[in-house]
Amino acid sequence: MRWATYFAVLASVLSVGLALGVSMPLVSFRLESWGYGSFAIGVMAAMPAIGVLVGAKISSHLASRLGTANLMRLCLWGGAVSIGLLALLPSYPIWLALRLMIGVVLTLVFILGESWINQLVVEQWRGRLVALYGSSYALSQLAGPILLGVLGTEHDYGFWVGVGLLVAAPFLLLGRSGAPSSESCSVTFGDLLAFCRGLPAIAWGVSLFAAFEAMILTLLPVYCLRQGFTTEIALAMVSTVVVGDALLQLPIGALADRVSRRTLFTGCAMVLLVSSLAIPPLIDTLLIWPLWVLFGASAGGLFTLSLILIGERYRDDALVRANAHIAQLWGIGCLLGPLIAGAGSQWISGHALPLLMATGAFGLVILVSRQGAFGSVQPA
């Protein structure tokens with residue numbers, strides 16, 4: 001196994017997590033200070049999701065023409081330019097377009113990076129090494145809000161730190177090999193529907209985690225502020241959720257190499273359901289802090305296990321296309337989650353965010369109990 005390449009790809013993707021973690025909450029805080037409501041902030045949070053859908057559609061075609069490593073480098077630099085323009089052009093309509101562009105280019109980084117990692121790892125280590133990726137990415141996002149708390153939200157330092165990270169990351173990929181090959185083809189929504197019919201539990205789990213991920217960095221800080229917490233406490237709560245996501249992915253990955261991955265997936269769905277329902281009654285108690293950990297860990301476990309299950313089934317171009325479908329589902333979840341939670345928070349209930357997660361987790365618990373939820377035929 002190419003360990004140096006694994007860690008180079010891992011580090012380049014982690015730079016994206018840290019860049020997003022330090023810059024995206026700053027966008028929400030700025031919009032809040034400008035007087036925008038939850039729905040407008042939710043629309044902003046959902047814009048990258050449209051970019052995700054575009055990026056997923058063109059990923060295989062661009063990878064076949066430019067090569068995986070070259071395309072990843074170009075997209076990282078494109079992300080740096082987009083985040084830099086957030087600082088230079090503080091306007092809601094312009095930010096919508098920039099967030100769309102960020103969604104396109106960084107989606108390509110995730111599709112290719114996750115495919116590259118899954119292609120590199122050996123089967124007996126798949127659970128642990130994919131979990132290391134998930135855990136490290138969550139830690140990079142955790143470091144983002146913490147760093148933003150140190151830098152402050154009054155200035156644009158958070159944006160420029162993100163720019164620096166994305167400018168430097170592409171150099172880690174120079175001379176690396178072992179990337180999956182890809183054919184020049186477009187990933188259509190018809191292909192996505194076939195993927196969802198074949199692996200419905202994975203499709204639902206990825207969409208649910210995408211909604212969670214989009215809301216945690218954008219709407220959760222606002223949710224905490226409106227429950228009466230200070231900016232510092234709100235950022236600490238966001239960081240605690242990400243801590244839960246990060247710290248428990250490695251144990252989950254280790255278990256996935258020893259016990260049924262499908263059973264672990266079901267367990268994560270059940271814990272997410274219970275923890276989501278418990279947030280509103282416990283929000284003003286000390287119990288909310290360990291609850292945030294469980295909330296993040298169970299949601300993150302769904303995504304980590306989905307990647308593990310995908311990696312054990314597919315290789316090369318099929319793996320790239322499967323990860324493109326994961327990205328499409330991610331885009332759908334990122335699009336619908338913030339919009340529904342933002343609208344619900346503004347017009348229905350201040351606790352719409354955890355209640356939306358509880359509803360999605362309940363649907364997933366029902367789905368995984370059905371035969372064929374994880375596919376009936378193992379691909380060649």
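Using N, Cα and C of the backbone, Cβ positions are placed for all residues, glycine too.
According to TrEMBL:
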- 5-380: domain 'Major facilitator superfamily (MFS) profile' (DOMAIN)
- 35-58: transmembrane segment (TRANSMEM)
- 70-89: transmembrane segment (TRANSMEM)
- 95-117: transmembrane segment (TRANSMEM)
- 129-151: transmembrane segment (TRANSMEM)
- 157-174: transmembrane segment (TRANSMEM)
- 201-221: transmembrane segment (TRANSMEM)
- 233-252: transmembrane segment (TRANSMEM)
- 264-283: transmembrane segment (TRANSMEM)
- 289-310: transmembrane segment (TRANSMEM)
- 322-341: transmembrane segment (TRANSMEM)
- 347-368: transmembrane segment (TRANSMEM)
Restricting to the same chain and to residues at least six past its boundaries, which positions have a Cβ under 8 Å from a Cβ of the transmembrane segment (157-174)?
8-9, 11-12, 15-16, 18-20, 22-23, 25-26, 69, 72-74, 76-77, 79-80, 83-84, 86-87, 147-148, 151
Can we call the transmembrane segment (347-368) and the transmembrane segment (201-221) in contact, meaning three or more C-beta pairs below 8 angstroms at a sequence separation of 6+?
yes
If I take every residue in the domain 'Major facilitator superfamily (MFS) profile' (5-380) and average their pLDDT values, what number comes out?
85
What residues in the same chain, six or more past the boundaries of the transmembrane segment (95-117), come closer than 8 Å to it by Cβ-Cβ distance?
5-6, 9-10, 12-13, 16, 20, 27, 43-44, 47-52, 54-56, 58-59, 62-63, 68, 71-72, 75-76, 78-79, 82-83, 85-86, 89, 129-130, 133, 178-180, 307, 319-320, 323-324, 326-327, 330-331, 334
Which of 35-58, 70-89, 129-151, 264-283, 289-310 has the most Cβ pairs closer than 8 Å to the transmembrane segment (322-341)?
35-58
At a C-beta cut-off of under 8 Å, are there same-chain residues at least 6 beyond the transmembrane segment (35-58) that contact it? List them, or none.
27-28, 92, 95-96, 99-108, 111, 186-188, 210, 214-215, 217-219, 222, 324-325, 327-328, 330-339, 341-343, 345-347
Determine which residues of the chain contact the transmembrane segment (289-310) at the Cβ level, with the cut-off under 8 Å and only residues 6 or more beyond its ends counted.
114, 118, 126-127, 130-131, 133-135, 138, 199, 202, 205-206, 208-209, 212-213, 216, 237, 240-249, 252-253, 256, 261-262, 264-265, 268-269, 271-272, 275-276, 278-279, 282, 319, 322-323, 326, 354, 357, 364, 374
Considering only the recorded stretches 70-89, 201-221, 264-283, state which has the highest number of Cβ pairs under 8 Å to the transmembrane segment (129-151).
201-221
Within-chain partners of the transmembrane segment (201-221) [C-beta distance under 8 Å, separation at least 6 from its ends]
20-21, 24-25, 27-29, 38, 41-42, 44-46, 48-49, 141, 144-145, 195, 231, 234-235, 237-238, 241-242, 262, 265, 269, 272, 296, 299-300, 302-303, 305-306, 309-310, 325-326, 329-334, 336-338, 341-342, 345, 353, 356-357, 360-361, 363-364, 367-368, 373-374
